[in-house]
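Colleague: After the structure tokens below, expect a handful of questions from me.
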Amino acid sequence: MNALVATNRNFKLAARLLGLDSKLEKSLLIPFREIKVECTIPKDDGTLATFVGFRIQHDNARGPMKGGIRYHPEVDPDEVNALAQLMTWKTAVANIPYGGAKGGIGCDPRDLSVSELERLTRVFTQKIHDLIGIHTDVPAPDMGTGPQTMAWILDEYSKFHGYSPAVVTGKPPDLGGSLGRDAATGRGVLFAAEALLNEYGKTISGQRFVIQGFGNVGSWAAQLISERGGKIVAVSDISGAIKNSKGIDISGLLKHVKQHKGVKGFHGGDAMDPKSILVEDCDVLIPAALGGVINRENANDIKAKFIIEAANHPTDPEADEILSKKGVVILPDIYANSGGVTVSYFEWVQNIQGFMWEEEKVNCELKTYMTKGFKAVKEMCKTHNCDLRMGAFTLGVNRVARATVLRGWEA
């Protein structure tokens, strides 16, 4: 099932539980604005190349729109639409004053030189600079982009509007990026796992974890969980997968990954088939890679008691039903991976104030937000007698609906 169909389905179920009227429901689904621009740049060899850039701005009832910019060859409009909508609900669940957006450029960043990427980013910014802004739409990094991309956007935007560090988040610290931003999503996953396990009288220590994906989110989650005494028994990434029932030495693995660009070949564990990582025996499964990896084909074989969704949309609705019948508890992505956007909000606040925080304050505030968020989701589960995914969706949709009605926007 594609991401947009699944997201719309979850939204409609939440709207029904909340008893929203059909006009309001319809207006909440329709994106505020869809932008598509042509970006032509001279390549290093003097030839011209044209790329398509876009930005979907979904909703701004609760504040400026927020969401990543990805550089990827296959940018599917449906997926981007779904991710923009998910950002609307995610920021509402986290209770930060934003709406949702998403965007990017259809290109393969690996085929472009650094100077070509810079020219492309600047041309894209020139085309959309009057449609983004500190109080309008605040982009962030996503697949294929990073702090350097944000630095280029900030510089190009500032040529038109004066120095505006708060126009993007995920910047390098030298340009107003927040301390703790790099680890934020992974740290949020740790706090989410603690909150969930605590509910069942358990702690991180002594639980066995399997992590699919060892990029930014997966590697930070693994590092922080193992520091808390959690045992990481299997890890996979694009290069391969390894397992060790006694627990993988994460600091050793991080060094190996830095050197060899992947987990494959690490001596502190046995090689395994990456396809079987999700059905590996463990207490907590953390999918931290792509969407749609847990589906009806593998859901019956999953042995984990808890699934914490660090990736966006890793579980198909069919798998959701199979797993809930088995009694597996799933902590949904719109809550579990909201640490990144929460610390992006802290970065924006620091930039607007012109006053930067210590890393300890960033992490402490993040824990407060994640803990409050979990309590609010649980309250919704009690009120509507539903699972955690619907608890999170009803919480997010209800907050956006209330803001929409209060602003007099309902049709």
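The backbone N, Cα and C atoms fix where each Cβ goes, glycine too.
Grabbed the feature section from TrEMBL, which reads as follows:
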type     : residues             : note
ACT_SITE : Lys102               : active site, proton donor
BINDING  : Lys66, Lys90, Ser344 : substrate binding site
BINDING  : Thr185, Asn216       : NAD(+) binding site
SITE     : Asp142               : site 'Important for catalysis'
Colleague: Return only the integer: C-alpha distance in Å from Ser344 (substrate binding site) to Asn216 (NAD(+) binding site).
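Modeller: About 15 Å separates the two Cα atoms.
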Colleague: Anything within 10 Å of Asp142 (site 'Important for catalysis')? Look among the recorded positions Lys66, Lys90, Lys102, Thr185, Asn216, comparing CA atoms, and list what you find.
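Modeller: Taking Lys66, Lys90, Lys102, Thr185, Asn216 one by one, the ones whose Cα falls within 10 Å of Asp142 (site 'Important for catalysis') are Lys102.
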Colleague: Which ones are near Thr185 (NAD(+) binding site): of the recorded positions Lys66, Lys90, Lys102, which have a Cα within 10 Å?
Modeller: none
Colleague: Relative to the mean position of the Cβ atoms of Lys66, Lys90, Ser344, the recorded substrate site, which additional same-chain residues have Cβ within 8 Å?
Modeller: Gly67, Met87, Thr91, Ala94, Ile96, Tyr98, Gly100, Ala140, Ser338, Gly340, Val341, Thr342, Tyr345
Colleague: Where the residue listed as 'active site, proton donor' and Lys66 (substrate binding site) are concerned, what is their Cα separation in Å, rounded?
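Modeller: Cα-Cα distance, the residue listed as 'active site, proton donor' to Lys66 (substrate binding site): 7 Å.
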Colleague: Which has the fewest other Cβ atoms within 10 Å: Thr185, Asn216, Ser344, the binding-site residues listed?
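Modeller: Fewest other Cβ atoms within 10 Å, among the binding-site residues Thr185, Asn216, Ser344, is found for Asn216.
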Colleague: Rounded to a whole angstrom, what is the C-alpha distance between Lys66 (substrate binding site) and Asn216 (NAD(+) binding site)?
Modeller: 20
Colleague: With every protein chain in view, how many other Cβ atoms are within 10 Å of the Cβ of Lys66 (substrate binding site)?
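Modeller: Result for Lys66 (substrate binding site): 29 neighbouring Cβ atoms inside 10 Å.
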